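J.: Below is the structure I would like to discuss, written out as C-alpha coordinates.
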Amino acid sequence: MKGTKNVSKNHVAMYITGGIAVYKTAQLARLFIKAGFEVRVAMTSAAQKFVNPKTFEVLTNHHVYNDFQATEELEFVPHIALADWTDMAIVVPATANVIAKMSNGLADDFVSTALLATKAQKFVIPAMNENMWQQVVTQRNVQALAEDGIKVMPPATGFLAEGYNGHGRMPEPDDIYQWIVAKNEQKQDLNGINVLITAGPTVEEIDPVRYLTNRSSGKMGYSLAQEAADRGANVTLISGPTKLAHPTNVTVIDIMSAKDLQQKVESKFAQNDFVIMAAAVSDFHVKTIADQKIKKNGKNLQLDLVANPDILAGLGRIKVHQRLVGFAAETQNLLENGNKKLKEKNLDMLVLNDVSRSDIGFNSSENEVRLLQPEKEPKLLKKNTKENIANEILDQLLIL
(Lines of atoms letter the chains of each structure in order from A and count residues from 1; the text may use other names and numbers.)
(Lines give C-alpha, C1' and ligand atoms only; values in the text may rest on other atoms or scores of the structure.)
Protein backbone atom coordinates (compact mmCIF):
# COMPACT_ATOMS: atom_id res chain seq x y z
CA MET A 1 0.00 0.00 0.00
CA LYS A 2 3.02 2.30 0.24
CA GLY A 3 2.27 5.60 -1.47
CA THR A 4 0.03 4.07 -4.16
CA LYS A 5 -3.50 4.92 -5.22
CA ASN A 6 -6.16 2.24 -4.82
CA VAL A 7 -7.28 0.42 -7.98
CA SER A 8 -9.54 -2.10 -6.23
CA LYS A 9 -13.14 -1.56 -5.15
CA ASN A 10 -13.39 -3.58 -1.96
CA HIS A 11 -11.36 -1.63 0.59
CA VAL A 12 -13.17 -0.69 3.81
CA ALA A 13 -11.62 1.64 6.37
CA MET A 14 -13.29 1.51 9.78
CA TYR A 15 -12.76 4.54 12.00
CA ILE A 16 -13.59 3.56 15.58
CA THR A 17 -14.18 6.26 18.18
CA GLY A 18 -14.68 6.12 21.92
CA GLY A 19 -18.02 4.84 23.19
CA ILE A 20 -19.37 1.79 24.95
CA ALA A 21 -20.73 0.50 21.62
CA VAL A 22 -17.13 -0.11 20.47
CA TYR A 23 -17.52 -3.75 21.50
CA LYS A 24 -19.97 -4.29 18.60
CA THR A 25 -17.54 -3.12 15.93
CA ALA A 26 -15.50 -6.32 15.87
CA GLN A 27 -18.58 -8.18 14.63
CA LEU A 28 -19.15 -5.52 11.98
CA ALA A 29 -15.57 -5.94 10.76
CA ARG A 30 -16.12 -9.71 10.55
CA LEU A 31 -19.23 -9.24 8.40
CA PHE A 32 -17.32 -7.19 5.84
CA ILE A 33 -14.38 -9.60 5.84
CA LYS A 34 -16.70 -12.60 5.34
CA ALA A 35 -18.30 -10.78 2.40
CA GLY A 36 -14.91 -10.46 0.70
CA PHE A 37 -13.92 -6.93 1.69
CA GLU A 38 -10.45 -6.05 2.91
CA VAL A 39 -10.77 -4.12 6.17
CA ARG A 40 -8.34 -1.76 7.88
CA VAL A 41 -9.02 -0.09 11.21
CA ALA A 42 -8.09 3.24 12.76
CA MET A 43 -8.91 3.93 16.42
CA THR A 44 -8.95 7.01 18.59
CA SER A 45 -7.15 6.85 21.92
CA ALA A 46 -10.56 6.81 23.67
CA ALA A 47 -11.70 3.81 21.61
CA GLN A 48 -8.59 1.87 22.64
CA LYS A 49 -9.66 2.18 26.29
CA PHE A 50 -12.76 0.10 25.49
CA VAL A 51 -11.25 -2.53 23.14
CA ASN A 52 -7.61 -3.50 22.70
CA PRO A 53 -6.34 -2.79 19.14
CA LYS A 54 -4.97 -6.34 19.07
CA THR A 55 -8.55 -7.56 18.57
CA PHE A 56 -8.75 -5.80 15.22
CA GLU A 57 -5.21 -6.69 14.22
CA VAL A 58 -6.10 -10.37 14.57
CA LEU A 59 -9.43 -9.97 12.74
CA THR A 60 -8.10 -7.92 9.82
CA ASN A 61 -4.51 -9.17 9.68
CA HIS A 62 -3.42 -5.52 9.48
CA HIS A 63 -1.85 -3.01 11.82
CA VAL A 64 -4.33 -0.69 13.59
CA TYR A 65 -3.75 3.00 12.86
CA ASN A 66 -3.71 5.40 15.80
CA ASP A 67 -2.29 8.82 16.58
CA PHE A 68 0.31 8.84 13.76
CA GLN A 69 2.44 6.21 15.48
CA ALA A 70 4.19 4.66 12.49
CA THR A 71 5.76 1.21 12.68
CA GLU A 72 8.41 -0.34 10.47
CA GLU A 73 5.61 -1.60 8.23
CA LEU A 74 4.23 1.94 7.82
CA GLU A 75 7.04 3.75 6.00
CA PHE A 76 4.85 6.46 4.48
CA VAL A 77 2.50 9.27 5.49
CA PRO A 78 -0.05 6.93 7.08
CA HIS A 79 -3.19 9.10 7.12
CA ILE A 80 -2.85 9.93 3.40
CA ALA A 81 -1.99 6.34 2.49
CA LEU A 82 -5.09 5.05 4.28
CA ALA A 83 -7.28 7.74 2.71
CA ASP A 84 -6.03 6.91 -0.80
CA TRP A 85 -6.51 3.17 -0.22
CA THR A 86 -10.14 3.51 0.91
CA ASP A 87 -13.29 2.71 -1.09
CA MET A 88 -15.67 3.06 1.84
CA ALA A 89 -14.99 4.82 5.14
CA ILE A 90 -17.16 3.83 8.09
CA VAL A 91 -17.14 5.88 11.30
CA VAL A 92 -18.51 3.57 13.98
CA PRO A 93 -19.51 4.22 16.67
CA ALA A 94 -19.56 7.92 15.77
CA THR A 95 -19.52 10.03 18.91
CA ALA A 96 -20.87 13.57 19.09
CA ASN A 97 -17.24 14.70 19.21
CA VAL A 98 -16.14 13.11 15.93
CA ILE A 99 -19.37 14.21 14.22
CA ALA A 100 -18.60 17.79 15.28
CA LYS A 101 -15.03 17.48 13.99
CA MET A 102 -16.12 16.08 10.64
CA SER A 103 -18.83 18.68 10.10
CA ASN A 104 -16.38 21.52 10.78
CA GLY A 105 -13.28 20.15 9.05
CA LEU A 106 -11.24 19.74 12.22
CA ALA A 107 -8.20 17.45 12.10
CA ASP A 108 -6.44 17.09 15.44
CA ASP A 109 -5.76 13.33 15.61
CA PHE A 110 -5.18 10.45 13.22
CA VAL A 111 -8.85 9.57 12.76
CA SER A 112 -10.11 13.08 12.02
CA THR A 113 -7.10 13.87 9.80
CA ALA A 114 -7.46 10.69 7.72
CA LEU A 115 -11.21 11.29 7.37
CA LEU A 116 -10.58 14.83 6.15
CA ALA A 117 -8.20 13.44 3.52
CA THR A 118 -10.62 10.72 2.38
CA LYS A 119 -12.40 11.24 -0.94
CA ALA A 120 -14.29 7.93 -0.83
CA GLN A 121 -17.90 7.66 0.33
CA LYS A 122 -18.21 8.03 4.10
CA PHE A 123 -20.79 6.34 6.32
CA VAL A 124 -21.41 7.61 9.85
CA ILE A 125 -23.06 5.44 12.51
CA PRO A 126 -23.90 7.70 15.50
CA ALA A 127 -24.04 6.31 19.03
CA MET A 128 -24.50 8.48 22.09
CA ASN A 129 -26.87 9.33 24.91
CA GLU A 130 -30.32 10.49 23.84
CA ASN A 131 -29.79 13.95 25.35
CA MET A 132 -26.62 14.45 23.33
CA TRP A 133 -28.21 13.19 20.12
CA GLN A 134 -31.20 15.53 20.45
CA GLN A 135 -29.14 18.66 21.06
CA VAL A 136 -29.66 21.30 18.39
CA VAL A 137 -25.92 21.55 17.76
CA THR A 138 -25.62 17.78 17.18
CA GLN A 139 -28.53 17.79 14.76
CA ARG A 140 -27.02 20.78 12.98
CA ASN A 141 -23.72 18.90 12.62
CA VAL A 142 -25.49 15.78 11.33
CA GLN A 143 -27.36 17.89 8.80
CA ALA A 144 -24.06 19.42 7.66
CA LEU A 145 -22.62 15.95 7.08
CA ALA A 146 -25.64 14.96 5.00
CA GLU A 147 -25.34 18.13 2.94
CA ASP A 148 -21.71 17.20 2.26
CA GLY A 149 -22.85 13.85 0.85
CA ILE A 150 -21.97 11.76 3.90
CA LYS A 151 -24.46 8.99 4.70
CA VAL A 152 -25.67 9.06 8.31
CA MET A 153 -27.54 6.06 9.75
CA PRO A 154 -30.23 7.07 12.25
CA PRO A 155 -29.49 5.64 15.70
CA ALA A 156 -31.74 3.01 17.21
CA THR A 157 -34.02 3.20 20.22
CA GLY A 158 -33.27 0.83 23.08
CA PHE A 159 -31.52 0.28 26.39
CA LEU A 160 -28.70 2.80 26.82
CA ALA A 161 -25.52 2.51 28.88
CA GLU A 162 -27.00 5.00 31.34
CA GLY A 163 -29.58 2.42 32.41
CA TYR A 164 -32.75 3.55 30.66
CA ASN A 165 -34.41 3.27 27.27
CA GLY A 166 -33.84 6.07 24.82
CA HIS A 167 -32.83 7.14 21.32
CA GLY A 168 -29.15 7.10 20.42
CA ARG A 169 -28.26 3.43 20.68
CA MET A 170 -25.96 2.04 17.99
CA PRO A 171 -27.84 -0.36 15.68
CA GLU A 172 -26.83 -4.01 15.60
CA PRO A 173 -23.90 -4.97 13.31
CA ASP A 174 -26.11 -6.96 10.90
CA ASP A 175 -28.40 -3.94 10.47
CA ILE A 176 -25.43 -1.61 9.94
CA TYR A 177 -23.90 -3.92 7.34
CA GLN A 178 -27.15 -4.25 5.37
CA TRP A 179 -27.73 -0.48 5.53
CA ILE A 180 -24.24 0.35 4.25
CA VAL A 181 -24.43 -2.17 1.40
CA ALA A 182 -27.82 -0.79 0.36
CA LYS A 183 -26.67 2.83 0.54
CA ASN A 184 -23.50 2.05 -1.38
CA GLU A 185 -25.67 0.81 -4.26
CA GLN A 186 -28.19 3.67 -3.94
CA LYS A 187 -29.66 5.01 -7.17
CA GLN A 188 -29.66 8.76 -7.77
CA ASP A 189 -32.76 8.77 -9.95
CA LEU A 190 -34.65 11.49 -8.05
CA ASN A 191 -32.12 14.28 -8.64
CA GLY A 192 -33.89 17.61 -9.10
CA ILE A 193 -37.31 16.29 -8.08
CA ASN A 194 -39.15 18.09 -5.28
CA VAL A 195 -40.96 15.71 -2.94
CA LEU A 196 -43.44 16.62 -0.20
CA ILE A 197 -44.21 13.90 2.36
CA THR A 198 -46.46 13.90 5.41
CA ALA A 199 -45.97 11.47 8.29
CA GLY A 200 -47.04 10.56 11.80
CA PRO A 201 -50.29 11.23 13.64
CA THR A 202 -52.16 14.45 14.14
CA VAL A 203 -53.26 15.58 17.60
CA GLU A 204 -56.58 17.27 18.43
CA GLU A 205 -56.82 18.88 21.86
CA ILE A 206 -59.73 18.18 24.21
CA ASP A 207 -58.47 20.18 27.18
CA PRO A 208 -55.00 21.17 28.47
CA VAL A 209 -54.33 17.52 29.43
CA ARG A 210 -56.21 15.28 26.99
CA TYR A 211 -56.27 14.94 23.23
CA LEU A 212 -57.48 12.76 20.35
CA THR A 213 -54.85 11.00 18.25
CA ASN A 214 -54.04 7.62 16.67
CA ARG A 215 -51.41 4.89 16.78
CA SER A 216 -49.29 6.03 13.83
CA SER A 217 -45.55 5.88 14.59
CA GLY A 218 -44.52 7.84 11.49
CA LYS A 219 -42.02 5.14 10.47
CA MET A 220 -43.39 4.66 6.96
CA GLY A 221 -43.41 8.37 6.14
CA TYR A 222 -39.95 8.89 7.64
CA SER A 223 -38.62 5.95 5.62
CA LEU A 224 -40.06 7.48 2.45
CA ALA A 225 -38.45 10.83 3.27
CA GLN A 226 -35.02 9.33 3.97
CA GLU A 227 -35.01 7.06 0.93
CA ALA A 228 -36.18 9.85 -1.39
CA ALA A 229 -33.45 12.15 -0.06
CA ASP A 230 -30.83 9.43 -0.46
CA ARG A 231 -31.92 9.05 -4.08
CA GLY A 232 -31.28 12.74 -4.71
CA ALA A 233 -34.69 14.36 -4.19
CA ASN A 234 -35.27 17.69 -2.49
CA VAL A 235 -37.50 16.49 0.34
CA THR A 236 -39.81 18.37 2.68
CA LEU A 237 -41.32 16.30 5.50
CA ILE A 238 -44.35 17.62 7.39
CA SER A 239 -44.62 15.54 10.55
CA GLY A 240 -46.95 15.11 13.46
CA PRO A 241 -45.43 14.22 16.85
CA THR A 242 -43.27 11.07 16.75
CA LYS A 243 -40.39 9.54 18.69
CA LEU A 244 -38.26 9.26 15.55
CA ALA A 245 -35.04 11.06 14.72
CA HIS A 246 -35.42 13.48 11.83
CA PRO A 247 -34.24 12.06 8.49
CA THR A 248 -30.95 13.50 7.27
CA ASN A 249 -30.77 15.99 4.41
CA VAL A 250 -34.53 16.57 4.71
CA THR A 251 -36.38 19.78 5.57
CA VAL A 252 -38.71 18.92 8.48
CA ILE A 253 -41.77 20.94 9.48
CA ASP A 254 -43.44 19.89 12.75
CA ILE A 255 -47.21 20.16 13.15
CA MET A 256 -49.83 19.06 15.67
CA SER A 257 -53.42 19.25 14.40
CA ALA A 258 -55.11 18.41 11.11
CA LYS A 259 -55.66 22.14 10.59
CA ASP A 260 -51.91 22.75 11.01
CA LEU A 261 -51.19 19.99 8.52
CA GLN A 262 -53.64 21.36 5.97
CA GLN A 263 -52.15 24.85 6.14
CA LYS A 264 -48.56 23.63 5.73
CA VAL A 265 -49.36 21.17 2.93
CA GLU A 266 -51.36 23.69 0.93
CA SER A 267 -48.57 26.26 1.25
CA LYS A 268 -46.00 23.78 -0.14
CA PHE A 269 -48.12 21.89 -2.67
CA ALA A 270 -47.53 23.99 -5.80
CA GLN A 271 -43.73 23.74 -5.81
CA ASN A 272 -43.56 19.95 -5.42
CA ASP A 273 -43.56 17.22 -8.06
CA PHE A 274 -44.38 14.20 -5.87
CA VAL A 275 -46.75 14.59 -2.91
CA ILE A 276 -46.99 11.55 -0.63
CA MET A 277 -49.61 11.84 2.11
CA ALA A 278 -48.54 9.17 4.59
CA ALA A 279 -49.72 10.98 7.75
CA ALA A 280 -52.58 9.46 9.74
CA VAL A 281 -54.91 12.43 9.96
CA SER A 282 -57.59 12.68 12.64
CA ASP A 283 -61.08 12.53 11.11
CA PHE A 284 -62.54 14.77 13.81
CA HIS A 285 -61.65 17.62 16.13
CA VAL A 286 -63.40 18.80 19.28
CA LYS A 287 -65.82 21.64 18.57
CA THR A 288 -64.81 23.58 21.67
CA ILE A 289 -61.49 22.97 23.44
CA ALA A 290 -61.87 23.32 27.20
CA ASP A 291 -59.70 26.01 28.80
CA GLN A 292 -59.33 23.96 31.99
CA LYS A 293 -58.96 20.25 32.64
CA ILE A 294 -62.37 18.59 32.44
CA LYS A 295 -63.31 17.00 35.78
CA LYS A 296 -65.06 13.65 35.72
CA ASN A 297 -67.41 14.39 38.66
CA GLY A 298 -68.67 10.81 38.54
CA LYS A 299 -70.60 11.50 35.33
CA ASN A 300 -70.35 10.42 31.71
CA LEU A 301 -68.85 12.89 29.26
CA GLN A 302 -70.00 13.61 25.75
CA LEU A 303 -67.69 15.35 23.29
CA ASP A 304 -69.06 17.36 20.41
CA LEU A 305 -66.86 16.29 17.48
CA VAL A 306 -66.64 18.12 14.16
CA ALA A 307 -65.36 16.51 10.96
CA ASN A 308 -61.95 17.69 9.78
CA PRO A 309 -61.54 18.72 6.13
CA ASP A 310 -60.51 15.94 3.73
CA ILE A 311 -57.02 17.28 2.96
CA LEU A 312 -56.20 14.57 0.43
CA ALA A 313 -59.41 15.06 -1.57
CA GLY A 314 -58.77 18.80 -1.60
CA LEU A 315 -55.33 18.26 -3.11
CA GLY A 316 -56.80 15.91 -5.69
CA ARG A 317 -59.10 18.70 -6.86
CA ILE A 318 -56.32 21.26 -7.37
CA LYS A 319 -53.39 19.14 -8.60
CA VAL A 320 -51.94 20.06 -11.97
CA HIS A 321 -48.56 18.40 -12.57
CA GLN A 322 -48.16 16.69 -9.19
CA ARG A 323 -48.15 12.94 -8.75
CA LEU A 324 -50.38 12.52 -5.70
CA VAL A 325 -50.14 9.49 -3.42
CA GLY A 326 -52.48 8.69 -0.56
CA PHE A 327 -52.35 6.09 2.20
CA ALA A 328 -55.31 4.11 3.51
CA ALA A 329 -55.38 2.07 6.71
CA GLU A 330 -58.13 -0.55 6.42
CA THR A 331 -59.27 -3.53 8.47
CA GLN A 332 -61.80 -5.07 6.05
CA ASN A 333 -62.91 -4.94 2.39
CA LEU A 334 -59.47 -3.61 1.52
CA LEU A 335 -59.67 -3.49 -2.27
CA GLU A 336 -63.25 -2.24 -2.37
CA ASN A 337 -62.58 0.58 0.09
CA GLY A 338 -59.21 1.36 -1.45
CA ASN A 339 -60.45 1.66 -5.03
CA LYS A 340 -63.27 3.89 -3.85
CA LYS A 341 -60.78 6.28 -2.20
CA LEU A 342 -58.47 6.18 -5.21
CA LYS A 343 -61.26 7.36 -7.50
CA GLU A 344 -63.06 9.79 -5.18
CA LYS A 345 -59.88 11.62 -4.19
CA ASN A 346 -58.41 11.73 -7.74
CA LEU A 347 -55.16 10.03 -6.72
CA ASP A 348 -52.37 8.74 -8.91
CA MET A 349 -51.62 6.01 -6.39
CA LEU A 350 -53.07 4.67 -3.15
CA VAL A 351 -50.94 2.68 -0.71
CA LEU A 352 -53.25 0.25 1.03
CA ASN A 353 -52.38 -1.03 4.53
CA ASP A 354 -54.09 -3.91 6.32
CA VAL A 355 -53.87 -2.64 9.89
CA SER A 356 -55.73 -5.64 11.28
CA ARG A 357 -52.42 -7.54 11.14
CA SER A 358 -50.23 -7.23 14.23
CA ASP A 359 -46.97 -8.08 12.43
CA ILE A 360 -47.00 -5.07 10.09
CA GLY A 361 -48.17 -1.47 10.05
CA PHE A 362 -48.42 0.67 13.17
CA ASN A 363 -45.19 0.76 15.23
CA SER A 364 -43.69 -2.10 13.22
CA SER A 365 -40.42 -1.84 11.31
CA GLU A 366 -41.96 -3.93 8.53
CA ASN A 367 -44.92 -3.51 6.25
CA GLU A 368 -46.85 -5.21 3.47
CA VAL A 369 -48.96 -3.05 1.19
CA ARG A 370 -50.94 -3.05 -2.03
CA LEU A 371 -50.45 -0.27 -4.55
CA LEU A 372 -53.62 0.80 -6.34
CA GLN A 373 -53.47 2.89 -9.51
CA PRO A 374 -56.22 3.95 -11.94
CA GLU A 375 -56.94 1.29 -14.58
CA LYS A 376 -54.21 -1.04 -13.31
CA GLU A 377 -54.23 -4.27 -11.38
CA PRO A 378 -53.28 -3.97 -7.69
CA LYS A 379 -49.57 -4.53 -7.05
CA LEU A 380 -48.66 -6.42 -3.88
CA LEU A 381 -45.46 -5.38 -2.13
CA LYS A 382 -44.75 -8.38 0.07
CA LYS A 383 -43.71 -8.05 3.69
CA ASN A 384 -40.40 -6.24 3.94
CA THR A 385 -38.67 -3.50 5.89
CA LYS A 386 -40.33 -0.12 5.62
CA GLU A 387 -37.15 1.22 3.98
CA ASN A 388 -37.43 -1.35 1.18
CA ILE A 389 -41.18 -0.78 0.85
CA ALA A 390 -40.46 2.96 0.58
CA ASN A 391 -38.01 2.38 -2.27
CA GLU A 392 -40.52 0.22 -4.14
CA ILE A 393 -43.16 2.95 -3.79
CA LEU A 394 -40.71 5.51 -5.16
CA ASP A 395 -39.84 3.15 -8.04
CA GLN A 396 -43.51 2.97 -8.99
CA LEU A 397 -43.94 6.73 -8.74
CA LEU A 398 -41.15 7.26 -11.25
CA ILE A 399 -42.86 5.16 -13.92
CA LEU A 400 -46.37 6.60 -13.53
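Backbone N, Cα and C define each Cβ position, glycine as well.
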J.: D283, K293, P309, D310, I311, L312, K341, K345 show up in TrEMBL as binding CTP; which entry in F327, F362 does that record put in the same site?
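T.: As annotated by TrEMBL, D283, K293, P309, D310, I311, L312, K341, K345 share the CTP site with F327, chosen from F327, F362.
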J.: Note down the number of other Cβ atoms within 10 Å of the Cβ of K345 (CTP binding site), including every protein chain shown.
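T.: For K345 (CTP binding site), the count of other Cβ atoms within 10 Å is 20.
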J.: Can you check what DSSP calls I311 (CTP binding site), collapsed to helix, strand or coil?
T.: helix
